[in-house]
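In what follows, a single structure is set out as structure tokens and then discussed.
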Amino acid sequence: MSKKKTNRKNNIDDIKNQLQNAKTELKNGTFFFTGKMSIFEFANKTNLNANEIVKNFFLAGKLYNINHILEEEEIAQLCIENNFEFSKETKIDGTNFLDEISFEDKPEDLIKRAPIITIMGHVDHGKTSLIDKIRNSNITKSESSGITQHTGAYQIVHKNQKITFIDTPGHEAFSAMRARGANVTDIVVLVVAADDGVMPQTVEAIKHCKNANVPIIVFVNKMDKPNKDLDKLKGQLAENGVVIEEYGGSVQTAYGSALKNEGIKELFDEILLLCEVLDLKANPKRFPIGTVIESRVDKRIGALTTIIVQNGTLYKGDFLLVGSQYSKIRTLSDENGNAMDSIEPGCPAVVTGFKIPPTAGSKFVGINDEKFAKRLASEKNYQEKINNLYSLSNSNNNSGGKKVINVIIKSDTNGTAEAIKNQLEYLENDEAKIKVISSNVGDITENDLMLAKASDSIIFTFNLKVLPTIRENLKVKKITLISHNVIYKIIEDCKLILDEHVTPIYEEKKIGQAHVIKIFTYSKLGTIAGSMQDTGVVRLGAKVKVYRKNKLIHEGFVQTLKRNLNEVKEVEKGKDFGTHLKDFNNIEVDDVLEFYEDVRVN
């Protein structure tokens, strides 16, 4: 094993050869820059006065401070105002190298690898049932509400060939996870229910595939349904650019019923047939390159991360660079928990060793030069801080006068935390908006409590148990905690919270009517109207309108309300009572009293 590891091609050479250094500087009257920066940094690089820049923005109606992160357009405008030429330079470093660099392999080093298949489709169209049959396990019943809420990667063998599957959730909250699945995959199996046809998430999945330039195989599920309409379904697919072979197109199709285990082998055959055309290959003799599919925190083990190796071979003990982390892989296992020493290209694995769960969708690369890896990780970490500053600054400046409701999200997995964040950040109304200031994995910590207290945030947890000590601290610090295990509930709660910040609009609602049958006069109080309740109710404090011969003569409030000399809060239809109307004594027998309450209508 050690010989194979030392013989692997190092990724460092490819990276170093393609890194492009570009300095942010003012040179010969031209300001060269690579991206966003703070006002302070811009002033420092151009020898300008930062306070003067802030002042000029203020005069232009923009309330910035020296830490405000400038948009590229604002940098260009400042250059023009100060008679600088400007040039946006491309810089490839630790912040973006995995998106910009290509890894080259010699043809003789390439071998056939397992295809990576993503299953997509509309909610309840049978994706999870299909993957359930593929894995020969029972995911469906273990998920809250029967809807898949975590991305998983699994592998099967068909006709002596490995096939890797990714299952992506169908609910609209998981759009980012489906997009990520499309970008990782070689082929998308689009599950469409024979009775429902093409639905919103079906269309969305098709768009993801087109954007990622990924071929589609359609699996028409629920063929056992009596109300299926295949002609309609095929037409709907064609309208969305998916023309199947039966209609003269190139898209392969399989038909079946996942629940009845029908058509699945035929689907595998279609996958292997398309793989022959795609000629998928990788170099097992290089350090690993791949993508993080999912991550979560296990209380005993720490960060558990599901990955897919797309090129190279991953060994236990390898160092992986992902985002701003550089970590040694301590354990490797397959999706069933079996320990592994290595993972081949095209295969999934669950790994441990990361201090913090990596963001789902992040690319990773194996690097055996620790000093170089730390440099790249440091550059990425710096850029993340700049982006966070920009995000916070942009949110504060673009609140549009709305009340900002800060939210902290804690979830059991990274992908779900991301999905919740993506949904909540779109929520707003005319007077308030949601701002997610933190979204991560694992139990609530003291740091979370400090952040929530400092930012006046609500904490939402998903699929987590909150420790009694934390609950007690939440009460002491008066921090609101809301826990759920279904995403819909979190979204609904946030909408209700937004509604609470809307200025209320009230309308008058008539609640009852009475007529005066006798008049009493008391020197200390004034006139008492002995009355009979004809309809509805009268309540203490209610609005009252007094009519005499169909003419409105007074509007006021019920100041006192008594029955049989006892004070009461309410009198119902058919009962007599005595009342004094506030600041009104000119009451007469046969006057009609109409009672009203203000009812909120928004």
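Including glycine, each Cβ sits where the backbone N, Cα and C put it.
Keep in mind it's a predicted model, so treat the numbers as computed, not measured.
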For the region 'G4' entry in Swiss-Prot, name the matching range from 133-136, 221-224, 369-372, 453-456.
221-224
Suppose you look only at the domain 'tr-type G' (112-281); what would the mean pLDDT be?
82
With DSSP assignments reduced to helix, strand and coil, which class does K127 (GTP binding site) get?
helix
